Every structure is written in C-alpha cells, then in structure tokens.
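Per TrEMBL, the features are as follows:
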DOMAIN    24-119  domain 'Cytochrome oxidase subunit II transmembrane region profile'
TRANSMEM  49-70  transmembrane segment
TRANSMEM  91-109  transmembrane segment
DOMAIN    120-257  domain 'Cytochrome oxidase subunit II copper A binding'
DOMAIN    281-361  domain 'Cytochrome c'
Amino acid sequence: MKRLATTLAIPLSVILITFSSYGWSKDNELNMTKGVTAISEQVYELHMLIFYICCAIALVVFGVMFYAIIRHRKSKGAVAAHFHESTKVEIIWTVIPIIILVAMAIPATKTLVAMEDTSQSDITIQITGSQWKWHYSYFGEDVEFFSLLATSQKQIDGIEMKGAHYLLEVDNPLVLPVNRKVRFLLTSDDVIHSWWVPDFAVKKDTIPGFINEAWTRIDEPGVYRGQCAELCGRAHGFMPIVVHAMPEEEFDQWLSGKKEEIAMQKAAAQEALTQDLSMDELMAQGEAIYSARCAVCHQANGEGIPGAFPSIKGSPVATGDVAEHIGVVVDGRAGTAMQSFANQLSDQEIAAVITYQRNAWGNDTGDTVQAADVNAFKAQKSAKEEI
C-alpha cells in the first residue's frame, strides 16, 4: 500500500505543481492579465476561480484514474468486475456536475451583466473600424481623428531594425481620462473588425450597419496597447490600438489643445485653396501620405498585388485624365477595397498624393494637382447631386 501511495504521488504532484505554479504566479506571461479596470479584475478573478475548479476536478479525475490503473493492473491479478447500471451512482454523477456548473454560472453572469452596463457614462466615444485603421469621435466635443499604424514600412520590410513597439504603435492614440466612465459605440465602414484592449478587458466586434456598446473606467494612468482581434483582410495585423490614459486635469488640457489643433487644420485647409505648391513640395508631401495611407495595398513600389490590389505604376488612371484620378481618390470605387478618402484626407493631402502617384515609378506625367483642383471637383460633384 505504501508503494502504491508513493507511485500515485509522483504523477499527482506533477499535476498539482504545474497547475498551481501557473495559477499562483502573478507575473506569469501565460496567465491572463489582471488589467487596470474594475471589470478586468472581475474577469481575472472569474478566470482564476474557474481555473481552480478545473484543477480540483482534474486532481480528482486523474487521481482516481491513476489509482485504478496502478491498483487494479493485470500483473497484480486484478479481474474486471461485471455489474449493471446503478441508479444511485448515475444520480450522483449528474447532480454534482450541475452543482459545479451553477457555481461557475453565478459569478460569470454577474460579470457579464457588469460588462454590458454602459449607463451613466461620463464620456461617449464612437469607434469606427475600416481597412485598416480606426476612427475615434468624441461626442459633444467636435473632436475626431483617424488612428493609423506608425511603424515604418522599412521596419515591416526588414530593412530597419524593429522597434520596441513594432506593429503596436500609432500616429494618433486614443486619449482617455482615468476615473471617468467611458462609453464606446462601435461600428464599421466595411468588414467586421474587433476592438480589443486586454488591460481593459474590452473586446467588442465592429459590424457594418450595427452599433455595439462597451465601456471602461481606467484606474491607472499609462499607455495601453491592443489590436484588431477579427481577421479583416490582408493588413489585419496592421490595425493596432494605443490608448493614453491620463489624469482628468491633463485630459481636459489635451482635449482643449486638440480642439485648437483641429481648428488650425481647418484654417490651414482653407488657406491651402489659395496656394500653388511646387512639384517638389507636392512630391515630398505626397510620398509621406502614400507611405502611410496607400502603400499597404498598392505597395511601396506602386505595383500593387495582382488579383487583389491594382498597380498604380503605369496604370491608365495614374497616367490618364486628372479628373478621373481625383474622382477615384475622392469617391473610392464601389465593390472594391478602394475607399473614399474625401473625409480622411484634406484637399491639400489628396492633391499631393495624386501628384505623387502621377509622377512616381516612371509615370512621369508632369502633372501637378493643387488643393483648389480637388475642392473644385468636390463642388462640381455636389452641384450635380443637387440637380
């Protein structure tokens, strides 16, 4: 009997040590993050509760299994018993799992209800996913902006060393205050995406034509990173999320500064309508915009991806009528991945990127497009729609 106990102790100890070290290690990278919100802590505690219940079940099941294997092995002369069903045993092994499941369901239900309670929020932000970027709009504040991947194409292509936050850095992070309840309204412009920030325990799909709701209340200032968690196309991995959480006073200052910045951008856009930039100025600006907004589909060399994204190099659009080229960028193309950039780029930015496309990679049309040309195209289009 002593030998049997020793034999049983070995596998059971391995199981117990493995499970317990996983569960009890707070900094274990394999474990779920505790996060920085009350909901994320609830989710973590629920996760650990279910984990410990599963460990206990595994301990009992494997203990009985190893005992039966060793104690009743053939070499010891064990003979299999012949018996029929036992109603009492069947009732017991039905009732016990039900009790365990109910014990799991009660805290899980409480957590799910809390996760869906978006009432009494202090701030409402609309999050719109599109291939392959995020758009944030602060309700009632006249503040909205796009958030795009900031990792350089050279890092992606392996030409430069990868940075500390490779594919997890953006040009415009979402900025939120701590200690305020923030309500998210999530939707999409094209396909299904999923806005996921592990430290907040928030993961919600953005679906075209639907609005989903989520919320968070951040306890600690800091920078928190996430990703799109729904396969959404070729550049799915290029949709990071970065959230800057800051004290309430700093957030109010940031919000005020952002409003001034947007007002200045609008004023600059109006001023650009009266300016004529040189070819060199347009090409420099256009190359930067192309790298950030167009290269992910049409590639840095302008050759696109056959069967998926058309080549701009030598294309009839980039070497043909300028008005048609402006129309493609402003309106997009229905039924394709080509989006409308009318509300994503200023008239000056559209003019610059079109100029770049018409003169890069050997296209060499010599054409320059100014902000006034783009504005005139939009005005002409609006006039036609009103008729």
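Heads up, the Cβ atoms here are built off N, Cα and C, so glycines get one too.
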Counted with DSSP (H/G/I as helix, E/B as strand, rest coil), the domain 'Cytochrome c' (281-361) has 44 helix, 2 strand, 35 coil
DSSP puts the residues of the domain 'Cytochrome oxidase subunit II copper A binding' (120-257) at 20 helix, 63 strand, 55 coil
Confidence over the domain 'Cytochrome c' (281-361), expressed as mean pLDDT on the 0 to 100 scale, is 89
